[in-house]
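Working notes for the structure below.
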Amino acid sequence: MASNGVDWQMKLVEGAAGYVLEDVPHLSDYIHDLHTYPNPLQSNPAYSVVRQYFVDEDDTVQEKIVVHKDSPRGTHFRRAGPRQKMYFKPADVRACIVTCGGLCPGLNTVIREIVCGLHFMYGVTEVIGVDCGFRGFYSRNTVSLTPKSVSDIHKRGGTILGTSRGGHDTSKIVDNIQDREINQVYIIGGDGTQKGASAIYKEIRLRGLKVAVAGIPKTIDNDIPVIDKSFGFDTAVEEAQRAINAAHVEATSVENGIGLVKLMGRYSGFIAMYATLASRDVDCCLIPESPFYLEGKGGLYEFIAKRLRENGHMVIVIAEGAGQDLVAESTEQLDASGNKLLKDVGLWMSLKIKEHFAKPREMDITLKYIDPTYMIRAIPANASDNVYSTLLAQSAVHGAMAGYTGFVSGLVNGRHTYIPLNRITERQNKVVITDRMWARMLSSTNQPSFMNPPKGTSEKHIRWRISIGNNVFKVLPLLMNDSRNCAGLCSVVVWANGSMKFRQVRKQSPVNESL
Ligand SMILES: Nc1ncnc2c1ncn2[C@@H]1O[C@H](COP(=O)(O)OP(=O)(O)O)[C@@H](O)[C@H]1O
Ligand SMILES: O=P(O)(O)OC[C@H]1O[C@](O)(COP(=O)(O)O)[C@@H](O)[C@@H]1O
Ligand SMILES: [Mg+2]
């Protein structure tokens, strides 16, 4: 393998037949003559039975596994797991754990398994918890974490460490890491958090400190790219079923009953899409990636009336980020971390539907609105998310002990890997509405595609205009496919000649944006 183009975020290593390794940084990249130690797992009675326990240095995991016979081998990530050589002596390790951003089932499991992994696999005894997110580094006390103190926390929702948004001050955080002589930092959080982790790692590297920074990606919305799915997501989908079931019971118990359920998903509608697919009781699923409209032919009101006539009841699931452009003219407000503060689309929609059907010549309806969002986020992880969170935490521990830094541990095609931080922060994972999964969902609900708004429909949800060749299109809010996946093509929904259409545009083509 030939190494080229090294930067501080990731190391690109090229091999035969188009093989590329997007490798994570290592402490030895910027600190020379580091001492190494044998991995104590060799003599651990539990692990010594495994025939090949240590991961081969050359093991990597392919990002895209659907290939053609002439395809280049493509991007790979370093396989996670214990290494024969460690770059930390267990007695010298002083680790800290911090949780940031919104709650997510499984946070406590990850904390528990970092503490227990460090202790039982490597004999590390000094682990501290940072109180209330990034700002806790410089404004709060820390708490000592031991296997005993974390033994049953995985049965509780939330995070025992507390969390926060905002308050990321890189130099104050790194000063504090130095002052406390911390040499392993475990950062559990979403895209915002991992951007913060990246800044911390960079500053640590600039100061030449022997401190490993390991991220564990957390997002209930499943909006982190590259990884198969995020921990807590399955639990959220499962818990959402309870709300959908309740909505269904309410709706079927009255004449023309409508159950409306709002689920989380600020920019990505994965929870709504999977909960809908799992339930089979949902008649319509609305997500941020797929624009919709209420009035006229092909609109939501028409569909509701049709379903009520056919079945006498219906269930609508709406992701919190859906239809934000319809709710109100946006005067964009941000939270402390810079995330868009959303209007309550569920409440808005329930009022709009009630208002519409109260008109003369419309139907008498009974609508029940259920908002289970924070209840879903606050529960403990289910069994499969507990196992998943355990493996993510253990991978992070193995990686840090082996001297890797500036990485997150993540599942790629079912294998645990180390991914450079920049790869998971550079974009958000979104439902691709031109993919099969959305089509499966549409076929399960048989809802309208909302692709042909009637002439004269308000254009206020048009985001910007683009020109492709000589044509100017009005672009509706929609995800862009990852250009890495599809040879520079991205899908946009455009408004042309009074109807919405999909267009594939090349990222390289001249795209002029104007509001
Ligand atoms: N671009 C950024 N650079 C540094 N820190 C960031 C950045 N974006 C967010 N953060 C910090 O990460 C933490 C969590 O971010 P947030 O967006 O609230 O949640 P999440 O990590 O779940 O996406 C906050 O403390 C915030 O200040
Ligand atoms: O009320 P809060 O804490 O700001 O959280 C609301 C947001 O948190 C989420 O559950 C997850 O967001 P993060 O991944 O950024 O924590 C979003 O779906 C939701 O919009
Ligand atoms: Mg986020």
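A Cβ is built for glycine as well, from the same backbone N, Cα and C atoms used for every other residue.
Binding of ATP is attributed by TrEMBL to R165, G166, G190, D191, G192, T193, and the same site annotation extends, among G102, G106, G257, to G102. The annotation in TrEMBL ties T219, I220, D221, M264, G265, R266, Y374, M375, I376, R377 to substrate, and of the candidates under consideration, E310, E320, E426, the one tied to the same site is E320. Taking Cβ-Cβ distances under 8 Å and a sequence separation of 6 or more, the neighbours of T193 (ATP binding site) in its chain are C100, G101, F134, I187, G215, K218. Listed in sequence order, the binding-site residues among D191, T193, M375 whose CB lies under 6 angstroms from an atom of ligand 2 come out as none at all.
Candidate binding-site residues: T219, G265, M375. Nearest to R165 (ATP binding site) by Cα distance: T219. The binding-site residues G102, G166, G190, G192, G265 differ in how many other CB atoms lie within 10 Å of their CB, and the one with the most is G265. Excluding G102, R165, G166, G190, D191, G192, T193 themselves, the residues of that chain whose CB lies within 8 A of the CB mean position for the ATP site are, in sequence, C100, G101, G189, G196, S337, N339. Close contacts with ligand 3, defined as a Cβ under 6 Å from any of its atoms, occur at D191, G192 among the binding-site residues D191, G192, T193, G265, E320. Across the fold, the C-alpha of T219 (substrate binding site) and the C-alpha of G166 (ATP binding site) stand 16 Å from each other. A 10 Å cutoff on Cβ-Cβ distances gives D221 (substrate binding site) a total of 29 other Cβ atoms nearby, all chains included.
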